[in-house]
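Data first, discussion second: the structure below is written as structure tokens.
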């Protein structure tokens, strides 16, 4: 039975949800997955930092209101997040990076990931920035230090998009990807189809918790742009930079446009796509597209997101699921930890997981 | 570089398409997947059998018209399929089973699989029968002999359904599965929605190559019933027999029914489903269901099939893709061979596959 000691960097919704899963299901993970998880450090911009190499008791932290949590004064605690010191010096196996991050330079997450990999720690992150902007550098760094860099949650939360491409589609060529990868804009387009004006639809999306206080990145496509970069680079090996991905959002679509499209059997969707050109290079873009009703992505509505893989041998394979959500994104981190376990420490790549699931369910 | 010697049992559309892939892409497989494939035996009800332990030259066989192929008179050839002898005695690493098989007792495929596993050979198959009717016996037999039994193609051809559940959804609980798993009935329901009567729709499906000469198994749901058994047993660990899965087909749906549903925002679909009851047992059925338009499966049309996994942590994750097709099903066999390679012979579970794909595409 292995055990992984985790350093949680950022203690907002996602890492808090991961801590809740560990607190509530730790025994089940041990039985099903063959490892236990222990949190040895937590850092947070507001709460400060907390270190206990014997394992932090999560229950009192999870009982506190998120806004009121402060680590100052606790044994091993500080009002200072001490990110660099915690990431580099605390003896954790896996650094779990889930901070709020600037999409322009990927900071502070990019530095967090670099520090962790350089100190020989595995990293899993839900942050798009470091993956989109420096994915190949970080993968090289991970390889140099013999550790893993996992980031399933950077695209569609825990819905297994990157791992479907990496693990389940070997031996064929993925010629392009196309996705609906932002729940807020997808919800808003649905409201426009019902005749609601954009500002009202945005307010409704905010009330439902889909949209941020500043919904610009959702509406103007910048959030999708980073995800397209990740897909283009990870799945098509494109090596694109942000300026290589043209980006148009949905603010130019009116309720009239949306309703006219429906009357023609079409649905406007904000589509992020990347496809290989005949010369081998990759073209990538984000733009509203009026999809015919029978298109694999046309029926993807509201907070559900989807990515379609176009392939040479299988035609189109589409994976849909939640695009966001605390627990759904925390599950992405758990799936990353499972991947690290299978890659580095399991005797056998996949059979145990499946076998245990079978036995557990049969009982 | 590993090499796998294959015995192809059945040389109809699917194994022929696999042979075409090996002939056309063998070098690429070697580069991307780290192994080469060689066919050392082929058996077929009509063509007989052909054995060459130094590797059969596939080109002349693939140049012949399928109906005219005869192995009698060739060196190592015979008019007799000699299945039992070939499977047991020819030194192959992997037996690739793709015969026409009786869905009531799974024969002759079930015996083929047993003989292969008992002689210490890995098996991959696209046949539903042996998996649905004797899956746990065969997996036990495989484990006893230290070999793999792989069958991704038994559900939705090469679309990765079983492997998504087995490999990418660890650590959460799959509480139920729901799928559209028969392209013929799905196509026919689409025609009914357009006002076409059932007999005409069946004829059109046959003309398009979707439906068999005898479409009963497609229309009455028996094909889906076997797939539901496989999903219930493999994904939910249910241990169901055929009589445990209630089965109603689509022959009771009229064009009027289909059109009335559309006017109410519903779409009739032939849904196979399995769900865990509160007491832990599994309920499974095949029946037409009028799905609301926003349902994950409502937009799945024509030959596209899909399976939705309902989970505790991730909500619903749906995978859609081709449900049939020669090359698509042959790809399932290739994905099984990749799984065998990763499980038994690769140094590392997944990284090489992905790394090579990246490098190949970057070039």
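Note: Cβ is positioned from N, Cα and C throughout, glycine not excepted.
Sequence annotations record features per position, and here TrEMBL assigns active site, proton donor to B:227. According to TrEMBL, the NADPH binding site annotation covers B:128. Marked as L-homoserine binding site by TrEMBL: B:212. What TrEMBL records for B:160-338 is domain 'Homoserine dehydrogenase catalytic'.
Residue B:128 (NADPH binding site) and residue B:227 (active site, proton donor) have their C-alpha atoms 7 Å apart, to the nearest angstrom. Listed recorded positions: B:128, B:212, B:227. Those with a CB under 8 Å from a CB in chain A: none. Of all the recorded positions listed (B:128, B:227), B:227 sits in the most crowded Cβ setting, with the most other Cβ atoms within 10 Å.
Here the domain 'Homoserine dehydrogenase catalytic' (B:160-338) has a mean pLDDT of 95 out of 100. Residue B:212 (L-homoserine binding site) sits 17 Å from the residue listed as 'active site, proton donor', taking the CA atoms of both as reference points.
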